[in-house]
Number of protein chains: 2
Amino acid sequence: MLRIITQQADVRAELLRICDRTHDEQVLHKEATVREVLQAVKRQGDKAVLHYTSEFDNQTLKPEELRVTGSELDAAYQQVSKELLQAIQLAVRQIEAFHRQRVPKSWVHFGDDDVVLGKRYTPVDRAGLYVPGGRAAYPSTVLMNAIPAKVAGVPHIVMVTPPGAGKAINPAVLVAAQEAGVQEIYRVGGAQAIAALAYGTETIPQVNVITGPGNIYVTLAKKLVYGIVGIDSLAGPSEVLIIADETANPVHVATDLLAQAEHDPMAAAILLTTDTALAKNVQVAVERQLVDHPRRIDTEKAIAHYGLIVVVESLEAAAEFSNEFAPEHLELEVKDPWAVLPNIRHAGAIFLGYSTPEAVGDYLAGPNHTLPTSGAARYASALGVETFLKHSSIIQYSQTALQKVAGAIDALATAEGLPSHADSVRRRIQQEE
Amino acid sequence: MLRIITQQADVRAELLRICDRTHDEQVLHKEATVREVLQAVKRQGDKAVLHYTSEFDNQTLKPEELRVTGSELDAAYQQVSKELLQAIQLAVRQIEAFHRQRVPKSWVHFGDDDVVLGKRYTPVDRAGLYVPGGRAAYPSTVLMNAIPAKVAGVPHIVMVTPPGAGKAINPAVLVAAQEAGVQEIYRVGGAQAIAALAYGTETIPQVNVITGPGNIYVTLAKKLVYGIVGIDSLAGPSEVLIIADETANPVHVATDLLAQAEHDPMAAAILLTTDTALAKNVQVAVERQLVDHPRRIDTEKAIAHYGLIVVVESLEAAAEFSNEFAPEHLELEVKDPWAVLPNIRHAGAIFLGYSTPEAVGDYLAGPNHTLPTSGAARYASALGVETFLKHSSIIQYSQTALQKVAGAIDALATAEGLPSHADSVRRRIQQEE
C-alpha cells in the first residue's frame, strides 16, 4: 500500500530516508571485489575479461568472440518488428535534434593590446558506452548514450554489454546501436567491462570517457577508475517526484508512479499534492493497477519501501520539499505548471502539464534520460554532448600587454614565493635580452 | 641536469612514465586513513574536526574559533602591501571578465504541436572552496575558485583552509577571499575539511560542490565524497609542456620550465623542440638559473625526475607527442603558434607565442588556472562557471503531440518490458478517460 503522510513534521525525515536509500555502508565489501577485477583486467587483459565473464555471466567466450560480428549486427534487424525499428528511428531523430541545439562552440575574444583569450572545444578521442544486460537491456539506453557522443564528434565510439544466454545480445540493443551510429560492440559487462574500457585490453580499446548506467558493481568500478578516465555520473536507482493539485487525473498520476516503481525494487515514487481527495484516489488507483501488473512483486516492493504520498499545504511547500529531495524526474501535474517552475531549483528533468508523462522523455522527446539520481541533481545535470567535449583555454599576450601587467604578476608571484614565475615575466620585458 | 632525448623510440615511454607519475598503488593505505576521518566527521561533527586539526595541523582550536572573525578579515588588509592588493584587484577584474563570457543561459524551444523543450540553468545552493595552507597558500587559488562560483550566482560560498602556526591564516588569502566576495571562512584543512563540507557539522555548513586543490589526503577525500557532493576534479601535481622551434629564446623557455618545477618535487616540465641547439641552450640555462634558485632542492628534484627535453623531427610530431601527454599547460613558443594550434587536441590551457609565459595565465589573464592534470585533459576542462551550475531538462507535450508519438512509445516500452510506461501514454490518449 502506498502510504499517505499528512504530518508535515514527518515529511523531511521520510524524504531524506528515500533520497539516501543507496548511501549504505555495505558497499565496502563489494568494492574489494571490484578492485580485484580492475587489477586483474589491468594486468592480464582479455584473459581476465574472459575469466570474469565466465564467472559472473556464465558465458564462456574465446577472445575472438568478444566483438559482436557484422553478421550478428545485420541479423539483429530481422529480429525486431517494423514498429520497433520505426520507433527507434523516430527516437534517434528527435534525440539528435535536441542534442544538436546549443552545442558549445570554440571562441576567441580579441582584447586591447592584441590580447587574445578564448576557449577551444574538442571531442574526446574515444568514448565507451556501458549498456546493462538482462532485464535492463534497453535500446533507449543505447540511444541516450551514443547520440550525444556522436553529436560531440567523438571519432571512436565503442559499446560494451554483457552476453546473455547463448552469448547473445538483445537484438533491439544491437539495432539501436547501429541506428545511433555505433558499430563496435563487445559482449562484456560488469566491473570487467569498465576495467577493459579504462585500461584497454588486447581486444577492447582504452577509452577516455565511460558513460552509461549499471548495477552496483559497474557503478563502483566507474567511481574507482574516475581520474584515469572521465565518467558521466554514478547512477543510482531511478526516481520520480510528482507535484499535483486537485486538477490532476489520479489514474494518470498513479500510472506514472508505477512507471517508476516497475524499474527496480529500489526505485522511488513520490507524490506531493495539495489535495487530500487526490491523495486517496491515487492510492486506490495504484492498488488497482498493481493487481495484474506483470512486474507486480518488484513493483510492489518499490511502492512499499520507497513510495510515498504527502499532502502538502501549498504548491510552494511542495516545490520546497522537491528542492530538498532534488529528484531525477519531476512531474508538474498542476493547472499552471509554468507558475510552479520558478520555484524549482534542483531536478534532473521537469515534465510540465497533464500530457507529459515521464515516458515521453524516457524515450523520444529529445532531452537525455540519463539524469542525476539520489539527490545529485543538487549539483549535476543530464548526460549531454558536453560529457564528450572538453575545452582548452586559449591565451596570447603581446609584449605591450605583458609590460602592463608585469608589476602585478611580480607582486603576486613574490607573495606566493615563486621566483621563477616572476622571472618568466621580468626577463621577457627587459630590453637588453 | 635536465635530460635531452633524441631517440624517438624512447619518447613515448618517457612521456607515459611522467604522465602516470601519480597513479601509484600506495594510495590504498592512505585511503584507509581518509575513510576513518570521513566517518568520524560524519558521526561526530565539530568534535572530530577539532581532533584531527590538533592531530594533523598541530593547532588546538575551540569550536567558536573555527570561523575566521570579521576583525581578522579586516586586519588582513593591514598586512598586505598596497602593490599586492592592487595586483589582486586587477586579477579579480580580469578573471571575472573572462568568466562572465559565454555563461550558459536557460532556453526553451517551441516546436510543432505546442511541444516545449529546453534547459533551465540554476546555480548550486552552496559551494565549498578548499585552499591549501602552508607554502601552497596562494591568493590566486582563492580567486580562481571563488570568482566562477560568484559569477554562477551561488548564493552561499564558504571557504576552508588549514590554520598555520598560532591558528593564523595567510593574510593574502584572506584579502583575496574578500576581494572575490567570500566572507565565510573556516580554519580547517585536510580530509577533515572535505568531510565537514560534504556532511556538514554544527559549525560548518554542508555544501553541494567542493572545489580546489590539495594534497593527496584532500584529493582522496574528494574522490570518496564524490557522489554525495560534486567536485571539480582530482588535482595532481602541476605540469608544463613547451613546444619550441629555433626562434624561441632559450633563457625564457628555461625560466618557464623552472616556473613549473618550483611548485613541487612532483611537478613535470617538458620541452619538445625541433632545434638541437635550443635543446642544449635550454639545458645550460636551466642549470644556470638553478644555482641560486631560492627553492633549489625541490626544484632540482622535479627537473631531475620529471624534467625532459625531447628533440623532435617536426612541429607535427611535437603536437602528436603533446596530445599523447595531454598536458595541463601547453606553451607554443614557435614562429607561428596559430599554425600549430589546429593539431592540438588535448591540453588544459594553451599559451601562444613568445610573450605569453604561463605565469600570465596563472595569475591574471582571466582564464582559470585550475586545470586538468596527469592526462585528464584528454576528457576534462578547466574549472569554470559550469562547475557551479547545473540544468534541468524542460519537457512539455500537448495532447496532440502525445497522440502522435503514442505508438512509438508503446513499441519501445513493450520492447523494454515496462508496461506502466506504455500505460502512462495509452491512458492519456484514450478519449473515454
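Cβ coordinates are placed from backbone N, Cα and C, and glycine is handled just like the others.
Curation does not apply to TrEMBL; its annotations are automatic.
The active site, proton acceptor annotation in TrEMBL covers B:E328 (among others). Within the same chain, the residues at least 6 positions away from B:E328 (active site, proton acceptor) whose Cβ sits under 8 Å from its Cβ are B:S238, B:E239, B:V240, B:A347, B:G348, B:A349, B:L371, B:P372, B:T373, B:A377, listed in sequence order.
B:H329 (active site, proton acceptor) carries a strand DSSP state (E or B). B:H329 (active site, proton acceptor) is surrounded by 28 other CB atoms, counting those within 10 A of its CB over all protein chains shown. The feature active site, proton acceptor is assigned by TrEMBL to B:H329 (among others).
Per TrEMBL, the feature NAD(+) binding site maps to B:Y130, B:Q192, B:N215. The C-beta environment of B:Q192 (NAD(+) binding site), restricted to residues of the same chain at least 6 apart in sequence and closer than 8 Å, consists of B:V37, B:V41, B:A48, B:V49, B:Y52, B:T53, B:F56.
The substrate binding site feature in TrEMBL is assigned to B:S238, B:Q260, B:H263, B:H329, B:D362, B:E416, B:H421. In the three-state DSSP classification, B:S238 (substrate binding site) falls within coil.
Cβ neighbour count for B:H263 (substrate binding site) (all protein chains, 10 Å cutoff from its Cβ): 25. The Zn(2+) binding site feature in TrEMBL is assigned to B:Q260, B:H263, B:D362, B:H421.
When secondary structure is read from DSSP and collapsed to three states, B:Q192 (NAD(+) binding site) falls in the helix class. Take the Cα of B:N215 (NAD(+) binding site) and measure to each of the binding-site residues B:Q260, B:H263, B:E416, B:H421: the nearest one is B:H263. Filtering of the binding-site residues B:Q192, B:E416, B:H421 by Cβ separation from chain A (threshold: under 8 Å) yields B:E416, B:H421, ordered along the sequence.
Looking only at other Cβ atoms within 10 Å, the busiest spot among the binding-site residues B:D362, B:E416 turns out to be B:D362.
Ranking the binding-site residues B:N215, B:S238, B:Q260 by the number of CB atoms within 10 A of their own CB puts B:Q260 at the top. Remark: B:H421 (substrate binding site) has B:I409, B:A413 as non-local neighbours, by Cβ distance under 8 Å and separation of at least 6 in sequence. Binding residues for substrate (B:S238, B:Q260, B:H263, B:H329, B:D362, B:E416, B:H421) extend across at most 56 Å, taking the greatest CA-CA distance. Separation of the C-alpha atoms of B:H263 (substrate binding site) and B:H329 (active site, proton acceptor): 14 Å, rounded to the nearest whole number.
The Cβ of B:Y130 (NAD(+) binding site) has B:N145, B:M159, B:V160, B:T161, B:G189, B:A193, B:I194, B:L197, B:I210, B:T211, B:G212, B:P213, B:G214, B:V218 as same-chain neighbours under 8 Å, each 6 or more residues away in sequence.
Under DSSP, B:Y130 (NAD(+) binding site) is assigned to a strand (E or B) in the three-state scheme.
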